[in-house]
Structure formats: C-alpha cells, structure tokens
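Student: Before I ask anything, let me first share the structure, which is written out below as structure tokens.
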Amino acid sequence: MKRKLVTSALPYVNNFPHLGNLIQVLSADVFARFCRLKEYETLYICGTDEYGTATETKALEEKKSPEELCSFYHAIHAEIYNWFNIAFDYFGRTSTPQQTEITQGIFNDLDKNGYITEHTIEQLYCPSCKRFLADRYVLGTCPSCSYDGARGDQCEHCGKLLDPTDLKEPRCSSCGAAPEVRSTTHLYINLPKIVPEYEKWMPKTAEEGRWSNNALQMSKSWLRDGLQERAITRDLKWGIPVPKKGFEDKVFYVWFDAPIGYISITKCWADLAGKDWKAWWLDQNDVELFQFIGKDNIPFHTVIFPCSLIGSGKNWTKLFHMSGTEYLNYENGKFSKSKGVGVFGNDAKESGIPADMWRFYIFYNRPEKNDTQFTWKDFQERVNSELIGNLCNLVNRTATFIHRYYDGKIPQVDGAKSGREDIKSMVKSLREAASASFKKITELSDWAELRDSFHEAFALSSVANKAFQDGEPWKRRETDPEYAEALMSELCYLIKDILILIHPYMPQYADQAAGFFGQKIWSGNIFDGKAPQFNKPEGSFLSWKNLGEREGLKTVENPVIIFKTLDNKVIDAYRERYSGSQKDRKKSEKGCSACKDSGSSKSDAAASSAKPEVKLSPAELFSKKIALKTAKIISVERHPDADKLYIEKLDDGSGEERTILSGLVPFLKEDEILGKTVIIADNLKPRKMRGIESKGMLLAASWYDEEEKEHVELLQAPWAAPGTPVILEGDADISDPEAVKAFYAQKPAAIDADTFFAAPILIEDYIPKIEGKKLLVAGKEMKLEKVKTGEAG
C-alpha cells in the first residue's frame, strides 16, 4: 500500500490568510483526514514561507526585524489553522537551520551537475537602505498622467505599464531616497538544459497521478512557450546564504527555496519525532506526493520544483498528484491579501460562525474546475438548505424520534431479514444507494476530487431524508410498528455512514453528531505547535472500513441544535461588516448587531465614520479601464513552434493589421475561426509567446459535454464593423456613435492581465454580462449558441 505524503502551499507571512488562501490548507486537511480514515500511512506537512523581499519590506513598514515579523505572523497563522480544526502532522517554518542545510545541498548538487549559470543585469539600488529594489518598491511620478504615487511596474492611476526607469523623480518606497542604477551578478538555474530529463518524467507522472486539468495545461503551456534560465539569487539580507565563492553577500530567491520547505519541515518533524525524514523524501518508491496548490502557484510545483530535484541527480520524492484549484472570488471581486479585501481567517474566527460552517461552504463551493464566488447570499442559501435543511435535519429528526418514541433505544432489527417484501424492498433500496455512494465517494476522494465527493455525501443524505418522509414513521409507529422500527434502525446506521463520509470535511460537527449515537470518529489530531501529532488516541473509533456495517448501535442521546439558520438580517449585517478592506474595518468603532441573532458577534452594525478607500466594482473597473472592441479575423495559421497556438491576423478598424495568438488549436479548426468578427481585449498589455508578440486576446467561453470534454465558443458580433467598441449597458448613449467612441477613448492605453480578469465577464442565459449588465456592440447584445452559463476570458 502506497504511503501518502500530503502538502499544501506554504502561506506567506505578510498578512492574515483569507478564505481563498485557506482553500489549499483546508483541502489538504480533508484529503489527509480521508487517508487516515482509510488507514493509509499519512504525513501532512505545511508551514509558513518566511524569506524574501516582501518580508524585508513589511518588516521595515512595521518597524520589526524580519525574524520578529515572521514569528508574529507564524503564530497568527497557526492559531487560525488551529481554529479551523486543521490536523497537520507538523506545521513548521522555512527560516530554520534544516531549510538552510537542505536548500544549500540541492543547490550544490545542481552546481556540481552543471545546471547553474551566471548573468549580470542592471537594477535600481537605494543608497540609503543599501539594497537593490524590486520594481514595485520604486515610487515616482507617472510620465503619462503625472500621478505622484506610481509604482515602478505600473501606474495604478492611469493603468500605464512602466519600467522603474520610466518614472520621473523615482524614490525608494521605504525611505524616499533617490535610487541609482547599478549592475549586479546573479546565479541562474539552467532550466532548458534540464528539460530533456523533465520531459521523460512529466507526461507519465501526470497521467498516472491524474493531475488536475489546469495543472496539466499550465505545465504544457510553460513547456510549449519555452523554459528560460531563471534567477535563483537576490541581493537581500533576509534569506538563505548562497554557498558559492563570490556570492556570499547574496541569498536564494524565495521561489527557489520555498518549495524545498516541504522537505525541511518534514525534517523538523522527524527530528522531534525521532524519525528519519529521508524515509519520506529520498530513495522511496512507495510514497505518493499529493500537493494542493492555487492556480497561480501551479507551474512552480509542476515544473520548476521538479526540475530542481531532477537536476540535483538524486532520487527525490517528486510530485505524484497535483490538485490545483481555480480562484475563489469575493462578492464579484477578488480576495486580496495585500489590500486586505475579503473575509480573512481572523474575521471568520471572530465572526461567531462555527468553523465547520465555514468549512462546509468552502468545500461545497470549492473552485475545482472554474473560478467560484463567495457571496453572503449564496453562503446563507447553502447553509440553510443543505447543511441545516438536509444533513442536520436528517440527524436531528432521526435522533429526536428515537429518543422520544423509543426511549432512546435504537430498534435492534435488521429489515433485510424481514419476512415482509415491502420492508426488505425499502432496506434494499437504501443499502444499494449507500453502497453506490460509498464507491463513488471513495473513488473521488482517492484522487482529491473533494467538491464532487462532498456533494455526493449530501445527495445520500437527501435519499435518507426522503426515506424518512416517505416512510412516515410518526404514523407507522402505531399503525405498522414493524415497518417503523426497521426504517428507523436503518436510518440510524445510514447516518453513521454519512458522518464517517463527511468527517474529513466537518470533523467537529461529525464528532458531535456521532456522539448522539454513542460513536467516535478520528481522522487526525489538531497540531498544538509544540510536538508532532501522529498518534491515534486510545479507544474505539469508526473508520472507512465501518461503512455499511449494520451492528453496534444501541442508544441515542437527546440531540442538541448545533447550527442555527442564517436569516436575512444576519447576512446583510455580515455583508456590511466585511465590505471594504481590513484597514477600513479597524477604523470602525462599531460592528455588527444583527450578528447576535446567530450567536456570531457581540458588536454593532453601524457604519464607520471613517471614509473608506475607493474600491471599483467589476462593472466600474470595466467602464473605466477595460477596452474591448470588434475585429475581423483575416488569416489563421499554426504557430511553427507551438502545437496548440494559432497566429491570427485581424482587421481591428485601425488601418493596421493586428496579430493575436490564441491557444484554440485543440478546440476550433482554422475554418471555424477565419472570417469571424470577434471580440478582442484591445488594451491588454502585449505579450511574447514563443517569439511572436500577441497584441491582445480573443474572448471566448468554454462548456463541457456529457463526457466532461471541454469545448470553446468565441464571442462574436457579426453585425458590427471592425473596430466597434464594446460598452456596458448604460455607459454611453448607444444611439450616438461619437459618444460611444469618446467614452471608449478615455480608457488607458494598456492594462495588465490582473486588471482585466478583475472584471469577470459572466455568461448568463447565453448573454455576456458584467454584474448583470449586458455588453453591447453597436447597440445590440451578444448571444452565444452553446454556452448558457460560465465565464468568458
């Protein structure tokens, strides 16, 4: 039996984790708990990522040393994860001697094997802080709009993309001193040289390990576009020293050493537990590494980290299964750790809403194949209808009925052995449904398809609820007691099974509900920050092997209400309380009074007198910054160096031919694209793809057929001339073409991808919209043929 090594993305220590960050840690927790219930040998490792520029800068802002800052936020993260009932085997840190030892060892192996190169580059240097500055830590006056607070990578006032040297009167963001241009030499990992060995490993592993589709496609895209040598050193003080002559004053770049943290944190665990860390990481053929990562970090774990391990020449345990999620967005916007926007772990902890209620919604809404939205309205509806109305209702009504009408004693009957066909048929139907669910949930869980697995458990709960309702035990206990007893006995065992199935997701609730029936379930200890937690407590516990068993239940305690429904008043108060940024909330003197109704908060809901920072809604962002227009595709050809890229030439109404590259080869043939009048992202920053510059992006939406095969449909406006602006309903007088052009002309010349995707275009009943407003082309709405709901991009 394969051993399971489980890791989640190491959270960075510059803020509180928000719900989007928590998805990875929680997902790995659910998978590890499932593995323990299956009695696989399991090790779940995580910890805080502590080195790098962001830590140094944050420490300066907070007037702390980097060590003090990391210790402060490490304790906060550990406390939040503890509150969320996350059962790490060990939660460590990357600023340890073990991390230094292993990182330097891997580097030395890479260097010895000829995979390290040197390159000299020019960077801005602050003579006052005595350090080189990353682009975003240079401020100055924008050469385009004269905004004085423009960053060295982009002016957020007008959207213009910049280099630090473009700024007028540039200054260091930390001390205000004028920077100098200096040369510096860095070490690089020669990824192109490692690619041949990587390409022997990746396809087979991705197939055997069933990598999530986004992980597979992103990895192939990186290879298709060509890997470049990547710098692995930085001119910083806070980091792991480089063990190479001439580079003693440099440290390793955080992206290089951070994934090695999985190994070093395992060593920290092993050192305390008296174990051998190499038994999990070196020369082991019976270990499967499951990694849980957000999509922005996928290539570092599917390409860069494996290349580093392969290049070392040693037989490291490498990625087996990659569970990469899409984004969880917040109320039609984006969670932002740096800006403090959204619901954060400390918010959840202080809200009064139980941890398992948060866990329920995160997994019911887990963004496995597409981005999903956290909205307070949906949170309310899912909690009230599924968690409380379905699962809790089943548990409470069954336990209450047994306690009230059978004196708390579960009928000791087996309906499958009844002499009556109607009773045997009822029991057979329930057991067949349960057996099918067990099989499906096990298969899904084995491959970390957690949302579908979770939904399946709730579907089984619905089956049990229907059996209760259809069986009418409140009538039959007097008119047909034999049937009522068989039904209630079967429901008690079915509830026992469902509680085992959901225990990885909601361990606290499942423990408490199982206690109503005199049972215990164990899937992991909560890490206390002091010692490794790998021992199962003494006593008898239910596990996966007990699914389907129909013996052992005797009595039922009088159940208590564990969760309260969330009413509109409560939800409106939460939405108000968690709008804006964390900084705005701290300025508020009063909190959320309606939260008291759910036992969620002791504060009042009055609005803050402090003026909040202006935050653009997706619709406002689109109207102010995002430029879409029509273009006619006049030629299509395959990219000579990329299997999945088309090179499209377009007439965009400007008088000059425009080139856009798209990854549509797997989805559309050339003749399905040629001649179409499509929608393009007009002011998206140009990007080189395999040596050819792509000026913009074609907009399309995807849909899946019954076999889960992905298809793509282009957004089109065949009635419009090339160059026709796309505007949002209500933005300009659509009857006046000049007014539309004038409105369109106010948008910035270039925006980055993050800005573009911060205004999601959702397909609602075949029509592209932003926040419910239609996108119009020459006064007409667009309508897709096959994509009824989804997102365009």
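A Cβ is built for glycine as well, from the same backbone N, Cα and C atoms used for every other residue.
Source: prediction; values computed, not measured.
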Student: Under Swiss-Prot, which of the candidate ranges 11-21, 341-351, 539-549, 638-648 is annotated motif ''HIGH' region'?
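Tutor: Checking Swiss-Prot against the ranges 11-21, 341-351, 539-549, 638-648, the motif ''HIGH' region' one is 11-21.
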Student: Could you tell me which of the ranges 224-228, 274-278, 334-338, 684-688 is annotated in Swiss-Prot as motif ''KMSKS' region'?
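Tutor: My reading of Swiss-Prot: the motif ''KMSKS' region' range is 334-338.
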Student: Counting only residues 6+ away from its ends, which parts of the chain sit with a Cβ under 8 Å from the motif ''HIGH' region' (11-21)?
Tutor: 46, 48-50, 52, 54-55, 58, 69-70, 73-74, 76-77, 80, 294, 327-330, 335-338, 340, 342-348, 358, 362, 374, 582
Student: Hey, for the Zn(2+) site built from C142, C145, C155, C158, who else sits with CB inside 8 A of the CB center?
Tutor: P143, S144, S146, Y147, A150, H157, G159, K160
Student: Which residue, of the binding-site residues C142, C145, C155, C158, has its CB surrounded by the fewest other CB atoms within 10 A?
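Tutor: The binding-site residues C142, C145, C155, C158 were compared, and C145 has the fewest Cβ atoms within 10 Å.
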Student: Going by DSSP, is C155 (Zn(2+) binding site) part of a helix, a strand, or coil?
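Tutor: Reduced to three states, the DSSP call for C155 (Zn(2+) binding site) is coil.
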